[in-house]
Amino acid sequence: MRTFTAHAGLTLPALGFGTYRLNGTEGVAAIERAIDGGWTLLDSAFNYENEGAVGRAVRNSGRRDELIITSKLPGRHHARDEAIATIEESLFRTGLDVLDLYLIHWPNPGVDKYVEAWGALIEARDRGLVKAIGVCNFEPEHLDRLQAETGELPQVNQIELHPYFPQAELLAYGAEHGIITEAWTPLGRGYDLLEHPVLTEVAAAHDATTAQVALAWSIALGALPLPKAASPERQAENLAAADLELTDDEVARISALGRPDGRTYDQDPTRYEEF
Ligand SMILES: NC(=O)C1=CN([C@@H]2O[C@H](COP(=O)(O)OP(=O)(O)OC[C@H]3O[C@@H](n4cnc5c(N)ncnc54)[C@H](OP(=O)(O)O)[C@@H]3O)[C@@H](O)[C@H]2O)C=CC1
Ligand SMILES: O=C(O)C(=O)[C@@H](O)[C@H](O)C(=O)CO
């Protein structure tokens, strides 16, 4: 399987498993199925209220060492002391000794504490609470500030990215600076994207599904997709997208579906804030 490597050596598989809305006992079962099916990169967040479910599934799997567990710092805890306590709480909730990747969930530029939060993540990494650190939803201006004020760039930037919103500028920034771009909502949350005629045509040409085409397109662009799926059938279907190779022309036709207002919801991180 293709891998992505960041500037400080973090290496991730071609795609990862989204866990938003996989909660409770059913969530544990779905995440265990994903691990059994071969997913190794799991994406969670303090705000998903499922770090406990993720941790339970990881411990049940008996395969902790093969897995890369991600969580995220919420916007309400960007102040240094709160950020450190929140990361420690993520560890308590998962029941794990260390998290593999920890991200700032949203920059919340109106609050203007994301540089302080980044300093806390650096400290947590240096203390061994987490192995690697990154951000989500950061625009070039936010990343430039981290570099200027702390001298360190994230290894990962997790952003909304799918055929309706291809994020060419941020992908180029990531490639130039050795930041792995992860794609959230890579299936457009399962809405109309998966019925678009271009995806349907490309899928037919490869005897694949439109979900697989959307994921293979993301990987071809250099963005690591994080699809969420509850059933083992869809989990297996999505993982198999790692083996699907699209032609340059197919990639270009899918990228052409992008539009400035292509975000699934109104969540432009320069204005939208989440706590
Ligand atoms: N950092 C951030 O700010 C954000 C991060 N994320 C992360 O990204 C992950 C993925 O994003 P998410 O918003 O969940 O949306 P996705 O684009 O992954 O879509 C998930 C939806 O697609 C359906 N689906 C999954 N596989 C298939 C398939 N093969 N065919 C048809 N439908 C399918 C799922 O249904 P079902 O589950 O019923 O199978 C679900 O309804 C999240 O789980 C989270 O980890 C998401 C949003 C923001
Ligand atoms: O899923 C996430 O990581 C989020 O940040 C969510 O808030 C997501 O953006 C959403 O579903 C908002 O309605």
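In case you wondered, yes, glycine gets a Cβ from its N, Cα and C as well.
Note: TrEMBL annotation is automatic and uncurated.
Annotation comment: TrEMBL describes Tyr48 as active site, proton donor. What TrEMBL records for His105 is substrate binding site. Marked as compositional bias 'Basic and acidic residues' by TrEMBL: 260-275. The feature domain 'NADP-dependent oxidoreductase' is assigned by TrEMBL to 15-257. Look at TrEMBL and you will find 255-275 tagged as region 'Disordered'.
Within the same chain, the residues at least 6 positions away from the residue listed as 'active site, proton donor' whose Cβ sits under 8 Å from its Cβ are Thr19, Tyr20, Arg21, Asn23, listed in sequence order. Applying an 8 A CB threshold to same-chain residues 6+ apart, the list for His105 (substrate binding site) reads Ala45, Phe46, Asn47, Lys72, Leu73, Pro74, Gly75, Cys136, Asn137, Glu274.
Shown for the region 'Disordered' (255-275): DSSP residue counts in helix, strand and coil, namely 1 helix, 0 strand, 20 coil.
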